[in-house]
Amino acid sequence: MRILLIHSDYLKYETKNKTGIAEEIPEDKMQGDFRESLVVFTAVEAEDEDNPESVIENAVNEIIKVFNDVKAENVVIYPYAHLSSSLSSPKTAVEVLEGMESALRSEGVDVSRVPFGWYKAFKISCKGHPLSELSRSIRPQPPKVEEESEESEWFILHRGETVKPGDFEFKNRDLENLVKYELGELESSGEEPPHVRLMREKGLADYEPSADVGHLRWYPRGRLIRDLLADYVYMLVTSEGAMPVETPIMYDLEDEAIRVHAEKFGERQYRMKNRKELMLRYACCFGAFRILSDSFLTWKNLPASIYELSTYSFRLEKKGEVVGLKRLRGFTMPDLHTVCADLDQSLEEFARQVEMCMRTGQDLQVNYEVIFRATADFYEEYREWVHEVADKIGKPVLLEILPSRKHYWIAKMDFAAIDYLGRPIENPTVQIDVESGERFGITYVNSDEEEVNPIILHCSPTGSIERVICSLLEKTAIEMDEKPPMLPLWLSPTQVRVLPIAERHMEYASDLVSELIAADVRADLDDRSETLGKKIRNAAQDWVPYVVVIGDSEMEGKLTVNVRETGEKLQMGLDELIERIRAETEGMPFRRLPLPVKLSERINF
């Protein structure tokens with residue numbers, strides 16, 4: 001806050017016109033005439049929003065000190081935005097000005113407040129003595145840190161039995177690493193995770209030096225994989241009945257429900273000011289909840305799900321924590337919100353969505369370790385249900401029991417892949433939200449024709465698209481010594497590469513590629529004048545699952561197909577190859593290769 005204190009003979013003001021943020025005032029506030037006043041011209045600033053109570057207290061203490069020093073008869077608080085270029089929201093400004101007025105009055109000071117948000121004419125006569133013109137910068141104290149609450153209890157849950165982590169005999173290194181990480185026992189190696197090197201080497205993505213840290217540029221191969229993953233989630237959720245929507249990426253923090261929900265997330269938000277204080281979304285919750293609050297729902301509609309792929313979501317992660325595809329400031333998040341009539345219905349839907357999250361691990365060929373988090377009250381009442389859902393995982397899970405509810409959820413299940421360095425990559429999640437229905441005014445009409453607030457499930461079936469790719473690349477690094485690194489066939493940018501041995505084989509090879517493309521196979525042609533050995537090495541570097549070499553014998557008979565996954569060389573006809581690829585990619589989305597078919601025509605990104 002900035003204040004300018006003028007000890008005046010008189011102050012006269014008259015309101016002229018309202019601005020768009022003017023407060024409503026009675027007739028007697030339209031003008032004012034004050035004598036022997038300490039006039040406090042005041043600008044409430046953005047930083048005051050962090051702790052308005054503190055800035056009110058500090059400002060009042062300073063005003064009373066000057067008031068007593070100059071022996072004024074009264075105080076006039078005059079809103080004056082021109083003292084600062086970094087203003088708070090209008091709502092906060094009015095709250096602070098009213099708070100100052102109330103605090104001064106409680107100290108026995110005769111105080112008046114000039115209306116906020118009006119264009120005004122005013123005249124003032126400054127007394128001109130040494131203390132008659134003073135300026136002050138008032139800083140709020142940092143918000144008091146709440147006393148550390150009781151710590152969570154941790155267990156390993158398997159087949160209905162709970163065991164303290166220290167007493168559990170780990171047979172799964174990934175689960176052991178997850179437990180150590182959650183309990184703060186996993187030491188940092190300081191190494192860069194291998195996916196950062198791989199995303200560059202494979203021409204998928206890279207850091208963009210001209211952007212804010214944590215924002216990536218995507219090359220054609222990487223963009224293709226992202227799009228296929230987005231298509232996959234769309235197919236998955238719509239097959240379960242979800243309805244796709246699209247909502248804005250920027251929200252007004254003057255909306256109290258949005259502001260309170262944002263505060264639950266903490267400080268890691270992109271905020272900006274342009275007359276209003278705005279926030280870039282970190283998930284699709286805000287837009288989804290506003291759609292639902294404007295919709296007419298009855299118990300017959302429930303459960304009802306809406307889905308959005310947020311491209312992009314924004315989180316202002318600390319610069320030192322941003323790394324590769326694992327932790328970004330701008331990312332792509334699939335977000336599913338399901339409105340449930342009551343807690344019983346939400347438990348049924350939760351179990352279904354857990355199965356959907358497990359399916360993504362199977363389809364992506366990624367191993368998930370699982371954490372079930374619940375409040376103590378919820379776990380006590382629904383212990384049997386928690387154990388039943390955990391049993392669906394088919395292996396031990398980490399169980400966190402929170403002593404009380406700190407967030408909007410009472411229970412959630414988090415799925416995490418484990419990277420090469422033994423650290424979790426947070427992927428799918430399902431959460432039971434018991435706050436947002438009421439906060440955002442979402443209601444449905446129940447069977448008794450009463451309007452009630454629903455329970456809402458939050459679910460991201462895969463987690464952020466970037467973290468999915470991160471998990472896939474980290475998996476290849478982990479398995480490098482066991483088998484050739486590769487992506488699932490349906491995500492491989494090039495599924496088949498055709499290598500003509502000599503120029504006389506080029507036309508046949510080109511026709512073969514055309515037939516593969518016509519059959520919805522992503523195929524390309526290495527038409528460069530390189531040795532066959534180099535072409536084979538290049539295909540291996542590109543992790544191409546099937547490599548077809550075309551020589552004289554292949555032109556006369558069956559194809560020689562090199563299978564990357566097994567290292568086999570198989571003889572098969574073109575139709576057999578196409579059918580094999582169709583069988584391996586059945587049910588998965590398909591997009592064409594967004595690159596020139598001939599390698600000689602490609603840009604080297």
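For all residues, glycine too, the Cβ spot is worked out from N, Cα and C.
Taken together, the residues of the region 'Editing domain' (1-146) have an average pLDDT of 91. If you look up Swiss-Prot, you'll see 1-146 marked as region 'Editing domain'.
Here Swiss-Prot flags 194-488 as region 'Catalytic'.
Remark: His337 (Zn(2+) binding site) has Cys284, Cys285, Ala288, Phe289, Leu292, Ser305, Ile306, Tyr307, Ile456, Leu457, His458, Cys459 as non-local neighbours, by Cβ distance under 8 Å and separation of at least 6 in sequence. In the three-state DSSP scheme, His337 (Zn(2+) binding site) falls into the strand class. Annotation comment: Swiss-Prot describes Cys285, His337, His458 as Zn(2+) binding site, evidence class sequence analysis.
With the fewest other Cβ atoms inside 10 Å of its Cβ, the least crowded of the binding-site residues Cys285, His458 in this structure is His458.
In sequence order, Ala283, Cys284, Ala288, Phe289, Asp335, Leu336, Gln431, Asp433, Ser436, Ile456, Leu457, Cys459 are the same-chain residues whose CB sits within 8 A of the CB centroid of Cys285, His337, His458, the residues recorded for Zn(2+) being left out.
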